[in-house]
Amino acid sequence: MNKPIRRVSVFCLLLVLALMIRANWVQGVDASALNANAHNERTLIEAYSYPRGDIIVGGKAVTKDLLVNGNLYKYRRAYVNGPMYAPITGYSSQVFGSNLLENVEDPILSGNDPRLFFRNALDTLTGKQKQGGDVVTTIDPKVQQAGWDGLQGKKGAAVALDPSTGAILGLVSFPSYDPSTIAGANGDANKAWNALVGDKTNQPMLNRALRQTYPPGSTFKLVTAAAALENGNITDINAPTDTPDVYILPGTNNVPLPNEAGDTGCKNASLNTALALSCNTVFGKLGAEIGGARMLDEAQKFGFNNSSLTVPVGVTGSNFDKGMGQAQTAQSSIGQYDTRATPLQMAMVAAAIANNGSLMQPYLVSQERSANNSVISQWSPKQLSQATTPEVAAQIQTMMINVVQNGTGITAKIPGVTVGGKTGTAQNGVNNSNNPYAWFVSWAKAPNGKQIAVAVVVEDSDTARGDISGMHLAAPIAKAMMQAYIGG
Amino acid sequence: MTATESPVVTVVPQGAPNRRNTELSLLVFAVLVPVLAYAETGLALDGRLPAGMLGYGVGLGAFALLAHLAVRRFAPNADPLMLPIAALLNGLGLVFIWRLDKARQLHPNYPAAENQLLWSGLGIALFVAVMALLKDHRLLQRYTYLSGFAALVLLAVPAFFPDRASDFGARIWIHLGGFSIQPGEFVKILLPVFFSGFLMVKRDALALASRRFLGLYLPRGRDLGPILVVWALSLLILVFETDLGTSVLFFGIFVVMLYVATERTSWVLFGVLMAGLGFWAVARTEGHVRGRIHEWLHPLTTGAGTGVGQIGQALFALGAGGALGTGLGQGHSWLIGFAAKSDFILGTIGEETGVAGVTAVLLLYGLLAERGLRTALAARDPFGKLLAVGLSAAFALQVFIVAGGVTGAIPLTGMTLPFIAQGGSSVITNWALVAVLLKISDLARRPAPGQLLQPETVR
């Protein structure tokens, strides 16, 4: 019987060998795929087993980590002034994932960034708890607060930039939500999430400043003006243009381009006057004369049609159509038709003009730091493009100052400070059936050298339709934000 | 004590030392390693040495010493490796069960380590009892048919007990008051006894009276009877108790023992073919078995609103362990949930000690099985040989069935990892199994005396 017994021994050894091969396969070859599986709760348990790093605004953390010692997770994310900073921080939830800075800066905040490897290794050796690094934002809390206060009871967004660097000083979206309410893994968080996602009228989780595009309306005339001046269609901003009282869109069967402000003063108005009065006829005709291709080129220099911009949070691309006919180009040149822009995009237009034509890349994160405050990365301002020449920028600045001094932007005037602006009232819905969007884009330069560029859009409000205009709704908010930054 | 006059052909070097001291020193390690593991788990979980450490260490040491003394007294020439390996596995199992007891995330989580320690004590008691009362393993031969009958009854009993939701499909438990017993475990010893006795008588008929066909010896129709009966029985277990593991185990033991008894490869082919056909047929019709196969093929699919299933969680645990593991007490294998301490305990071993720990445990099992088979080689009587092969193969097959299921190599079946997993029936059965193997090895390794107990026919 010994021969079969020996064979049975070999067979039993083979069974054990097969198990060992399988164990090596699962724990070696398959391990990384298993660890990365979305349903493997270990990833989240690990992520919330130590405090995340903080997102810092104006030297103070707007995030914190609560030691909850829950069943699965040790810590839970919470937010200071959550609704106001939600468009910046985003949320970090144990159930619903994360977005915005919490998502994009996760490697630093979680401490898993390769640049933190040495520090982590040291912590492991010394037995210290792992800690995430901090993310320092460019947000100015006063500017943010001013925009937030201004938008209360309305629906819209406001973005403020430092024109000389591109630093984002304010990023407001209203209505908003408190990311603390959806951070946990419990029934309350579930309810809060369902309520937020289900609120289709207010869309509190929509980041209107970065992720929503609106027809820019008359504020787009700044781009058209830049194109006209660069292209030589206009050589003197105060010389009268050849504009009829009623401008018929070229190539159409007697379709006029109406002036929102009435027809007074727009006939043959100079560029300066046309901007102050926001004459659709003048800018529509100019756009058609400049041509679609040249207008597209100008819009792109100001940042349109770029869907890959990150600040480092991804920004939805603004749109200026390609290959349009003359009529569409005319409409697009006054910010209608298919032209759409994010509030950030319009703030970039104002910033480029204020910064003598140089468009700086907008950025939200100035520094990434390790847990012991050593700087891992420091943003150095860089130019995104030369949107227009310094000469043209200077001429548009003059005109924008005129808008605030004598035109539709008078509500943004700040004593002792040079302010330039442009209002906009964009049509919304078929045949303008919905409340129009009220825009205001502006910049301010203080004697002490501080600069700020702002774009505000108000979607909708309780105010009666006739009253809605950039002048009354958006400009005061922009003014408050500019004042908060430069004083006066 | 010289070997020259021995008429018996054995592979045991005559007059070799009996290795009892080797066993004792190995036992020291077998106790020390779990105690240190216990300390490390406590330090990792609570930052201090566990309060019960002294009691646990002393208790484990006392168990080991008791077993050792029993071996010294009643089986002085027994194999020196089996007892330390069993003690080490049992001790490690206690540590892992205690570690999972501490996982407050596991719901519902009843403390099981103390119970398991109690069962281990009972197992040791049974071990000592077998050592003392079973003078000679050949005595078991007398109970061949009684064993067979008892095995049949024990296998059938759970099917007549009411189904319980907590049993998750498989009906292999008997619930008596607060206790639950898994009678299938005891059958693991009874069936090899029955098969050994039966095959010893029948093996010549089965081996020789066969027809040659295509180079294979095919058994005669009337000799097919026993194998058909066992085959049918294993399928009945599968259908009525939906217990794939026990079914495969019993049929496997039978085929292995039949092969060893007759030395006919054709029996193996025939058996594997029958098993394959039978299981295929049952798998097609039985929803429970089909579900298990589906889980095995797609372990990472998720149910509605829930995460992956248990096999998926076990794979996650193994993957999280990687090469060296997270360290004792520092894994999250409680995510496996129900049965984390019993059928799925290998997941915890894999996560907290890595592939290194899993390999070590598998090698220990392999070593134990091979020592048993070595005993079978050395045994001088055919009954002892068959019994040792049957018990060792049962052990190896059970390890393969449960570890293969947890690692996703084969469909999962409800079975416990011998000695390590939580389960009273399993622990005491395995201690008894090792005791019987030790008794056989004692006789096999006993230096041939001037006169044998009885004349033997050894081929």
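Cβ atoms are placed via backbone N, Cα and C, with glycine included.
According to TrEMBL, the transmembrane segment annotation covers B:24-45, B:51-69, B:81-98, B:118-134, B:143-161, B:186-206, B:227-260, B:266-283, B:344-365, B:386-410, B:416-438.
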Handout entry: Annotated stretches the transmembrane segment (B:186-206) and the transmembrane segment (B:81-98) touching (3 or more Cβ pairs under 8 Å)
Key = no
Completion exercise
Same-chain residues at least 6 beyond the ends of the transmembrane segment (B:51-69) with a Cβ under 8 Å from one of its Cβ atoms are 20, 23-24, 27, 30-31, 34-35, 38-39, 42, 83, 87, 91, 94, 117, 120-121, 124, 127-128
Handout entry: Contact check, the transmembrane segment (B:81-98) vs the transmembrane segment (B:416-438), 3+ Cβ pairs under 8 Å, seq sep 6+
Key = yes
Problem - the transmembrane segment (B:386-410) vs the transmembrane segment (B:266-283): 3 or more CB pairs under 8 Å - result: no
Handout entry: Contact between the transmembrane segment (B:118-134) and the transmembrane segment (B:416-438) (3 or more Cβ pairs under 8 Å, separation 6+)
Key = yes
